[in-house]
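Structure record follows, encoded as C-alpha cells.
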Amino acid sequence: MDVEQKKPLIESSDRNLPDFKKSVKLKYVKLGYHYLITHGMYLFLSPLVLVIAAQISTFSVTDLRSLWEHLQYNLISVVVCSMLLVFLMTIYFMTRPRPVYLVNFSCFKPDESRKCTKKIFMDRSKLTGSFTEENLEFQRKILQRSGLGESTYLPEAVLNVPPNPCMKEARKEAETVMFGAIDELLAKTNVNPKDIGILIVNCSLFNPTPSLSAMVVNHYKLRGNILSYNLGGMGCSAGLISIDLAKHLLHSIPNTYAMVISMENITLNWYFGNDRSKLVSNCLFRMGGAAILLSNKRWDRRRSKYELVDTVRTHKGADDKCFGCITQEEDSASKIGVTLSKELMAVAGDALKTNITTLGPLVLPTSEQLLFFATLVGRKLFKMKIKPYIPDFKLAFEHFCIHAGGRAVLDELEKNLKLTEWHMEPSRMTLYRFGNTSSSSLWYELAYSEAKGRIKKGDRIWQIAFGSGFKCNSSVWRAVRSVNPKKEKNPWMDEIHEFPVEVPKVSTI
C-alpha cells in the first residue's frame, strides 16, 4: 500500500469552490425576477378566475334571472364584452408557450469488453511508452482520489496495445454510442424516425465531416426537412444547451418531436503527452452517451415521464480568465490535449453562483425568496453586517442531478447547497460506475433515481452542469407520473441492488 503524499496534488485554495452564496450580485437576482414576471401572468390570472368562479357559484336562481334581465337591456355592452373576451382568449392561446414533454430517454451501456479497471488504465498507460515515471505516478494518484470505480468504460482504440486512435476508430466509437442509445430510445417510445422534426447532437471534441447529426440522419433515414443541429466545443454543459435549444424550437413549431443526443468522443482526444494539466482529463473522462426524446404534442403528456419547467443558461465567456480555464491546445511536443487551469474551481464557483441566483426566483418558495432578497438588500444597499441567508433548495427540488465532473466539485456543492448524502447519491454513484461521461452524465444520474424507484408524480428535478467557455446551465423538470422501476430499461437495472457503495477517499490500485 502506498504511503499517502504529504502535499496535496492541487493547492487547497485552487481545489475548493468559493462560498458563492457570500457574494451575490443584485443584477442576477434582478434577472431572475425578470424571468418570473415574464411568466407570471398565468400565476396572477389563475386566482382571479377562481375568485370569479367562486362568486358566481353563490348566486341563487333569482340572482341569475335578475342578471339575465339586466343583460337583455344592455345587449351592446354584452356583445362588446363577449368580443373582448374572445379576443383576449385568442391572444392567450396563441401566445402561451407549448408544453415540452420528455417522453423518454436512454443511456448507452458499453460492452463488457470495454471495461477499464484502474489497474488496466495504469497498465495500458505504461505500455504506451508515452509517459514518464513521474507522470505515471501523477496519474495513479489522481485516479486513486477521483471517485471512479472499477467498471468504467473506454473505447477499443484506447484499450488496444498499442493504441490506434484514428478517424475511423473515432467514427466507430461515435456510431456505437449514438446508435446504441437511439435504438433503445426508439424501442421504448415506438416513435417512427420519420416523425422526428428536430435533431440536435452535441459532442464537444469530435466534429467530423459529414457531421455527427448527418450520420444519424443517414443511418435512420430521417425526413428531408428535419431541423438538424450539431453542437461542438461547448463542453460538459452542452447537453442542457441542447435541451434549451430544443425547447425554443418546440415552442415555435407545433406538433413535433425533438431528439437530443449528448455524448463525448474519447478516441481522438486521449492525451499521450506529459503536461500534467492535460493528464487529468485522461483520468476522469470515460465512454458514454444518452438520447432524449422531447415532444410538444399535448396528447403525449399521458405517456411522458417529465415536463420541462424552465431552463437557465449562464455564459462567462466575456471574462478572459473564465474563457481560458479549459482549453484544447498543443503542448511543447505538439501533442494535443485539454488543459484544465488552476483557476477552474474558482471560475466554476462564480458561474454556479450566477446561475443559481438567476434560477432562485423561478423555483424557490415565496418564504425563501423573501428571506434571501431581504438579506441581500440589507447587505448590499444598507451595508448591514448580517450573515448572508442561504436559500434551502431542498424546498424547491426533490432530486438533484449534478454533473459528475469530479469528486472535488461534488464535495463542494454538497457543502455549499447543504445537500444530504441521499441527494448526492445519484451523482456520486454515476461518477463511480461510469466516470465522467461529459454532457450525458446528468441522464445516467436521472436513470439511477428511476432505477431506485425514487421518482414520484409531481417531483421536481434540478439538472445542473458546467463546462468550457465558461458556462453553467440548469434545467428544471417536473415528473408527470411516477416511474415504476420494474418497467424500466436503463443501464442500472441489472445491478441497482449493488448500489449505493462506499467510495473510499483514497482507493488502492
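Each residue, glycine too, has its Cβ placed from N, Cα and C.
Taken straight from Swiss-Prot:
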type     : residues : note
TRANSMEM : 36-56    : transmembrane segment
TRANSMEM : 75-95    : transmembrane segment
DOMAIN   : 92-381   : domain 'FAE'
ACT_SITE : Cys236   : active site
ACT_SITE : His315   : active site
ACT_SITE : His399   : active site
ACT_SITE : His403   : active site
ACT_SITE : Asn436   : active site
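Remark: of the active-site residues His315, His399, His403, the most isolated position is His315 (fewest other Cβ atoms within 10 Å of its Cβ). Non-local contacts of Asn436 (active site) by the CB criterion (under 8 A, 6+ apart in sequence, same chain) comprise Cys236, Leu284, Phe285, Arg286, Ala404, Gly405, Gly406. The two recorded residues His315 (active site) and His403 (active site) have their Cα atoms spaced 17 Å from each other.
In three-state terms derived from DSSP, Asn436 (active site) belongs to an extended strand segment.
Cys236 (active site) carries a helical DSSP state (H, G or I).
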